[in-house]
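Positions annotated as ATP binding site by Swiss-Prot: Gly180, Asp181, Arg182, Ala183, Thr184, Gly185, Lys186, Thr187. Feature annotation from Swiss-Prot assigns site 'Required for activity' to Ser373; the stated evidence is sequence analysis. Sequence annotations record features per position, and here Swiss-Prot assigns region 'Disordered' to 525-670. Taken from Swiss-Prot, the feature compositional bias 'Basic and acidic residues' applies to 543-588, 621-639. Summarising the annotation, Swiss-Prot assigns compositional bias 'Low complexity' to 589-599, 650-661.
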Amino acid sequence: MTPTPDAPAAADAATGAGWLARRRGALARVALAPIAQAIGRVERVADGIAFVSGLEDTMLNEVLRFEGGVTGFAHTLDEDLISVVLLDPDAGVRAQTAVARTGAVLEVPAGPQLLGRVVDPLGRPLDGGAPLDAAHTLPIERAAPAIIERDLVSEPLDTGVLIVDALFTIGRGQRELIIGDRATGKTSLAIDAIVNQRHSDVICVYVAIGQRASAVRRVIDAVRRYGAPERCVFVVAPAACAPGLQWIAPFAGFSIAEYFRDRGQHALVVVDDLTKHAATHRELALLTREPPGREAYPGDIFYVHARLLERAAKLSAALGGGSLSALPIAETDAGNLAAYIPTNLISITDGQIVLDSALFAANQRPAVDVGLSVSRVGGKAQHPALRAASGRLRLDYAQFLELEAFTRFGGLTDARLRAQITRGERIRALITQPRFRALRTLDEVVLLKALAAGTLDAMSPDLVAPLRERLPAWLDARIAALTPALAPPRDWLADDAALDALAESVGELIERIAADAARRATAGMPAEDAAGDIGGAFGGEQARGDADRDADHGANREVSREVSPEASREVSREVSREVSHEADRDAAADAARVAGRAPGRAEPDRAVPRAMPDGPPRAQADGDRASASRPPPDARGDAARTAPSPQGGADANVNADANVDAEAEARHKR
């Protein structure tokens, strides 16, 4: 049954009064003012820069849309022209092309949907996945936290690299610069830090600026293989993309990381690298006719990098206590740290890790220069147990480097100095660490305690690599044996007595490794197989092939380091004694050579020595025997040079002369 309308409604429907009132209300809500949109025109375009006129009210960094769909952002604002940096290929952008404002600044999508994805600086997928949900976006240019909003950096950001965690600790919220020449392992060190966060609560953002596509692919594959890609975001602006995308890439990466920091989480940003970003900024500045300064960089290059890196901070507890750490990478030219961009970045950041090309060539990885590297947070963010265990590590290693330089003048007979050199060789073997072989904080503390106790002094440096590989499983087994059943979790790093016991047990592990290595050597098996078998016996881990495993622990490098005056004087006395002994032996050798020749006899031609009946030339044979088994320095003398020869007096003279030449060549090499 259809309901009957009431009387007033029926009357309105009959007269049309209600309809007229509704129409009048709708008309009152209509905006009758004209809607005008400013349209600009392209005056000229070249090299990814468009100069636009007619848009005087444009904001800095505002997104402009060209006819045909190409976008760009306002880079510089002049009275007559606006310099617009294109974010897409400039195909279709010509003179007199229409340009419209959007009223929005550059933004990038942010949120958990980015985790595990590879995107460009605008958030567009590069991995072939689905487009990202742009429900939550952040501007790429954001103000750095104020001083009152920050907290002290007091928590460590573990990298798993012993030399970094022990000597140059990085804290959560710190900015630590990684700087060095080309191909010295800068990216490798940063990727090791990312990979080590696979068991932590840190979100990692890797920003590639101007890198080769193949190099970026290797980085992504390494993180996917060894790390936790589901906790990483890759922002890629390769060398082939537009300069505008390369310029905004680090800002976009920081905005993505700030999303997690502002929600009480911890984030790490690796910018690879800021040297290429500075070159891109210089390119854009020169194209937009900005006045150049030092090394042709514009005057605001310091401000650009400062406002970027100041966004890394540890927030106060009132704001959630989140942190944003930064590992910017910079490249030097021939180790010149005094160049413009390196000095700027060193002054902006909270420390630097300097990688040396000579150490890298000597196969020391990571090639960290201990004398030039520093962390301005350091022990404030270091774990107390690790800080106590690494107290004298840097001083001992610096003194070893100077003593090692002295040993080139001759051997040292002082037992204390030899022990110090032995300790330094073990330190160098410990800090030489292959890629993707991260150590836990417990492993680092136990290794350093064993080093300080002298447990590692008696072992060969070649056994340090298998010791480092097998130590985690060894410690886990010891901890399991010391932990009662159903016992609550225990903080082993807070128990000094337990740490000392674990460090003492390292000696037993060293004995087993040495015995197994000796057995393998007797059987003629290569060292790599021995290390792999040791891993199977003690750690249950698979031996992983890596070229960095065979690091040369005996590489020498002269470095000027600070050493105590007493040690310097003692080393000088030792060197003087060795030099005087060498001079005495040289004089005796010359006298013996003169006495061994007949007066007036012409010196035989050493270029064509007399050949033995059934073998190589006698001089070569004697030289080989002398180099194969050379007597000690005190036993060398006239007897070694005047040994009887079955060939007679002439052959004796030839043999003596050959031995003297071998002696002189050996001394020259020393």
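Every residue gets a Cβ built from N, Cα and C, even glycine.
Spacing of Thr184 (ATP binding site) relative to Ser373 (site 'Required for activity') is 15 Å (Cα to Cα, whole number). Cβ contacts within 10 Å of Ala183 (ATP binding site), excluding its own Cβ and spanning all protein chains shown: 12. The most densely surrounded of the recorded positions Thr184, Thr187, Ser373, judged by C-beta neighbours within 10 angstroms, is Thr184. Excluding Gly180, Asp181, Arg182, Ala183, Thr184, Gly185, Lys186, Thr187, which define the ATP site, the same chain contributes Glu331, Leu355, Ser357, Phe360 within 8 Å (Cβ to the Cβ centroid), listed in sequence order. Across the structure, Ala183 (ATP binding site) and Ser373 (site 'Required for activity') are spaced 18 Å apart at their Cα atoms.
The binding-site residues under consideration are Gly180, Gly185. Their Cβ neighbour counts within 10 Å are lowest for Gly185. Of all the binding-site residues listed (Arg182, Lys186), Lys186 sits in the most crowded Cβ setting, with the most other Cβ atoms within 10 Å. Distance from the CA of Ser373 (site 'Required for activity') to the CA of Lys186 (ATP binding site) is 13 Å.
Rounded to a whole number, the distance between the Cα atoms of Asp181 (ATP binding site) and Ser373 (site 'Required for activity') is 14 Å. In this view, Asp181 (ATP binding site) is surrounded by 19 other Cβ atoms within 10 Å of its Cβ, with every protein chain counted.
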